[in-house]
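S.K.: Take a look at this one; I'll ask things after.
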Amino acid sequence: MIKVGLTGGIGSGKSTVSNMIIEKNIPVVDADLISREVLSLYPETLHEIKAIFGEEFIDNEGNLKRRELGNYIFKSDELRKKLENILIPYIKKEIFNRIEKYNSVKEKLCIVDAPTLIEHSIHREMDYNILVWVDRDIQIKRVIERDKLDEAQINNRINSQMRLEDKRKEVNYIIDNSRDLNYTKGQLEDILREITLNGGKNEGRKKD
Ligand code: ATP
């Protein structure tokens, strides 16, 4: 099975492209979804959270007090990193479990949709990687419309992420999502055609 990583920046159109892939009945492993499910999938994460952050973040039924923990770590990069260090290994484990499930039912191709694919080195385990890219002005405009944030808030969020220009260097393919959806779909189809024709043999090709 060919494994393809799909990533982007905030509002670059990763979910839009991921939905186009799902419409083609190609299996997609959704890292965002897994990160929301990871606490219930792996109850041991709660023990680790309790050990690091304290009992006050666990309620009487043994569930995480998400909002309280969220508020506590909100302003501290260090605390956020601590929580990430607990959760990321489980999220990665579950990503690879799901890849293996698709492999075991003889799927030919599987996409891993992950906003932090590169930051967490998941891209190194893939046969190919695709970046959904937009130019910054369009990115800001689309996020303003989608999230009803102001430009300063969006700039903060974009600046807190790995730069799209740096992500470009790590991938084999770039989808330019700055134009209309048909243009994006055309690029996606060309890439998928090339990847499946190559049969998963990535000879170190990078494209931009
Ligand atoms: P995030 O990681 O922040 O969730 P994302 O990369 O998944 O974002 P999308 O939600 O797919 O991005 O797209 C951001 C917004 O831009 C959405 O409102 C989407 O409908 C819109 N959008 C995406 N692609 C296009 C396009 N080619 N033309 C016009 N609007 C688009």
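Each residue, glycine too, has its Cβ placed from N, Cα and C.
Bear in mind that TrEMBL entries carry predicted annotations, made automatically and left uncurated.
A quick note: this is a predicted structure, and the numbers were derived from the prediction, not measured.
Here's the feature list from TrEMBL:
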BINDING   G11, S12, G13, K14, S15, T16  ATP binding site
S.K.: Setting G11, S12, G13, K14, S15, T16 aside, what same-chain residues sit with their Cβ within 8 Å of the center of the Cβ atoms that define the ATP site, listed in sequence order?
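M.R.: Those within range, site residues removed, are G8, V17, V132, V134, N177.
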S.K.: By the DSSP assignment reduced to helix, strand and coil, which category contains S15 (ATP binding site)?
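M.R.: DSSP call for S15 (ATP binding site): helix.
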S.K.: How many neighbouring Cβ atoms, not counting its own, are there within 10 Å of the Cβ of S15 (ATP binding site)?
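M.R.: Total other Cβ atoms inside 10 Å, all chains included: 16.
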